[in-house]
Amino acid sequence: MLNKPVLVESLIVFVIVLFVHAVVWDRYSWCAVALAVQAFYVQFKWDRLLQLGGAVFQFRAAANSGLLPASMVIPLLGIVMKERCKSAGIVYFERFGIVVASTGMLVALFLSVIAVGITKPVPTNTCILTGVAGSVIIYTMKHSLAVSEVIEVLEVLLIFVYLSMILLYLLPRCFTPGEALLVLEGISFVLNQLIKRSLNVIEGRGDPIDFFLLVAVVGVILLGLFFTVLFIFMDSGTWISSMFFHMMTAVLGLGVIMPWLYRLIQRNPLFWLLQFLFQTQTRIYLLAYWTFLAASACGVVFYQNAKRSSESKKHQASTITRKYFHFIVVATYVPGLIYDRQLLYVAAVLCLAVFIFLEYIRYFRIKPFGQTLRHLLSLFLDERDSGPLILTHIYLLLGMSLPVWLFPRSCAPKGTLSGAGALVPYSGVLAVGVGDTIASVFGSTMGEIKWPGTKKTFEGTMTAVFAQIIAVALILIFDSSVNLNSNYAWILASVTLVSLLEAYTTQIDNLLLPLYLQIMFM
């Protein structure tokens, strides 16, 4: 049976789904409800497979499968995006939202069918539920999608299948099934969008910063796959291998990624990037400020490692020490959101590419910095870094950046949404930077009343809700573009639900919480 924390986590996700359904109330939201019901039952099967060791791949231990919360993210994002763009009269992005929702539902159904198919004996009731939900969703897709949109959905599913087989084999114990669904589905969608746009380039069409995100994400992923295959046949820790790594990185970057980006934006990528970064005085000040904060974060890493001695029994940084980086990230993102969101968008993409590249250097032990990075970062590992990769800092960056990247700019008049939607770009700051940080700090220092079945405390959760409400008030004071139109009850409900989800989920909260808060705000 599912344990109590999983039941509460599922209940919170159901409440969020019903909130969206109550606001939207169309055939797509009915499909989301059907998907949530079948995902809840299939989650039983995934958890049982993980407990018995019957899963095909090795998943992260000490966590449940997380299938229900992960299955609902992409479909709900697509549905709320469709509604926002429909109200703004932007037909292209309304259709895009429908494609996103349909893709999320189909991929989640595929993962459910896999779980049911390898469960012995075959669970008859769950099979019936999955069949009914699948029939409802496919019937809706049949009457909603054009032929080209159906092909696009199937392309993403095909990419997802191949990526799953490759990455889950190469990276054991790095993900739960839910986290794998969310991450690999996102990568699959980005790759499909890049291929689609590369084949249909129209000069002057599209925003260069969107192309920059697509090329950067796909470029670093392909780089990692290339070197993973290469270092199967040679030792990655030698100087010859390290020189080859740096040389091939330069060749792939200048010979593949740069020309690819040039084709999309129709100008020299380096000149465009330099012109973009130093276009105004405000951007120069922000870049200087962010450089100082990056140096401060490095200083924290070096200082904490200097305190660690060979005689010390303490081998891991405390929760409060790890939350220093959350405070630094909040101090990084808030000025960018207030003064220049486009610069923050591009800077976050660059930072993600650098983080992933440094993780490659650490993982492959590339000289001269690979071993040093392994030693420095080992102090900050927790139970979620049980696989060969260290992903928590990348998840933190993604959690803060995804609301900025996924903000529907084309469907937002004057660059902002009305009501609670105006807080969408701040979802990462509120959920992770403020809520998760305050909950961890106060819960670990002053918390006494624990939520049933978890290590999280009632005091930590309530303090997190209170801190996020204060943060919203400060955003209203300092960001003149935010106008909530008296939607305070909805904001309070959204923040409370996501804070409760943080208390009960065993998934990567840095990734999950901002997306659910964004869904509620949109």
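Glycine is no exception: its Cβ is also placed from the backbone N, Cα and C atoms.
A quick note: this is a predicted structure, and the numbers were derived from the prediction, not measured.
Per TrEMBL, transmembrane segment is recorded for 12-41, 61-80, 92-116, 153-171, 211-232, 244-262, 282-303, 324-339, 345-365, 386-406, 426-446, 490-517 (among others).
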Intrachain neighbours beyond the transmembrane segment (61-80), with Cβ under 8 angstroms and 6 or more residues off its ends: 2-3, 6, 9-10, 13, 16-17, 20, 24, 28-29, 31-32, 35-36, 39-40, 42-43, 46-47, 49-50, 97-105, 107-108, 111-112, 115, 173, 176-179, 181-182, 185-186, 189, 383-384, 386, 406, 501, 505-507, 512, 515-516, 518-519, 522
Beyond the flanks of the transmembrane segment (282-303) by at least 6 residues, Cβ under 8 Å: 321, 324-325, 328, 331-332, 335-336, 339-340, 343, 347, 376-377, 379-380
Interface check, the transmembrane segment (244-262) with the transmembrane segment (324-339), three or more C-beta pairs under 8 A: no
Selected stretch (most C-beta pairs under 8 A with the transmembrane segment (426-446)) from 92-116, 211-232, 324-339, 345-365, 490-517: 490-517
For the transmembrane segment (386-406), sequence-distant contacts whose Cβ falls under 8 Å of one of its Cβ atoms, 6 or more beyond its ends: 60-62, 77, 171-175, 213, 325-326, 329, 333, 337, 341, 344-345, 348-349, 351-352, 355-356, 359, 362-363, 377, 380, 424-429, 431-433, 508, 510-511, 513-515, 517-518
Non-local residues, at least 6 beyond the ends, that sit with Cβ under 8 Å of the transmembrane segment (324-339): 282, 286, 289-290, 293, 296-297, 300, 347, 393, 396-397, 400, 404, 425-426, 428-429, 432-434, 436-437, 478-479
Contact check, the transmembrane segment (153-171) vs the transmembrane segment (92-116), 3+ Cβ pairs under 8 Å, seq sep 6+: yes
